[in-house]
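Listed in Swiss-Prot:
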type    : residues                                               : note
DOMAIN  : 2-246                                                  : domain 'ABC transporter'
BINDING : Gly35, Leu36, Ser37, Gly38, Ala39, Gly40, Lys41, Ser42 : ATP binding site
Amino acid sequence: MIEFRNVSKVYPNGTKGLNNINLKIQKGEFVVMVGLSGAGKSTLLRSVNRLHEITEGEIMIEGESITAAKGKRLRRMRRDIGMIFQSFNLVKRSTVLKNVLAGRVGYHSTLRTTLGLFPKEDLELAFQSLKRVNILEKAYARADELSGGQQQRVSIARALAQEAKIILADEPVASLDPLTTKQVLDDLKKINEDFGITTIVNLHSIDLARQYATRIIGLHAGEIVFDGLVEEATDEKFAEIYGDVAQKSELLEVAVK
């Protein structure tokens, strides 16, 4: 379980990114967070593995405080958290296989991984992960030779090879076309269902949130304004999340284009 206890984040310029967040996400959930740009979605997501440090409060993972963790303990906790970014975050000039093997770095010494010395078991796991997202044939291609959708699937394979217990996906389909968007979200959903990996995804599209989530969390101005099951996420609730009905309608139109 991931638990946020009275979590707040204030940026150096005084902007409040999160305001007293109290939230529990159970193991194996597929949670989609929605809200306008600047609502706090990315800040909340990235605070889980401390890419963004919180100002107040505490974040617990399986009963252990990642907020207080340091050194080896922090590295161990981060090893269980896979991160997927809108920008793919791959080493473009490296092969797909090497990018996936990057998910194994946390399990070995710096010297071994720097020299590319991974055991046979890691290679097998990397190949299995690529096969899982239907991109095995690209194992020896350079990452920058792949389409955006293919690169995002490499990111998912990397999280699988990492054997992550939690996957955080920050706007993973924002730059993708509708068909590729479906493929990427289908992959994330199937992995969540097959392996019980807790998955938290930030999305702008209301339509996609309804299609894939088991639970939707709506943020507005750094606060949670909705937290419920998909069937509870009515148009009226989305209007509250996005501020007004006009904004909500505009986003619905974008979602179905």
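In case you wondered, yes, glycine gets a Cβ from its N, Cα and C as well.
Since we're looking at a predicted model, the values are computed, not measured.
Annotation: Ala39 carries the greatest number of neighbouring Cβ atoms among the binding-site residues Leu36, Ala39 [cut-off 10 Å, Cβ to Cβ]. The candidate set comprises the binding-site residues Ser37, Ser42. Of these, Ser42 has the most other Cβ atoms within 10 Å. Taking the binding-site residues Gly35, Gly38, Gly40 in turn, the residue surrounded by the fewest other Cβ atoms inside 10 Å of its Cβ turns out to be Gly38.
For the domain 'ABC transporter' (2-246), the model's average pLDDT works out to 92. Lys41 (ATP binding site) falls within a helical segment according to DSSP. Cβ-based neighbour count (10 Å, all protein chains) for Lys41 (ATP binding site) stands at 25.
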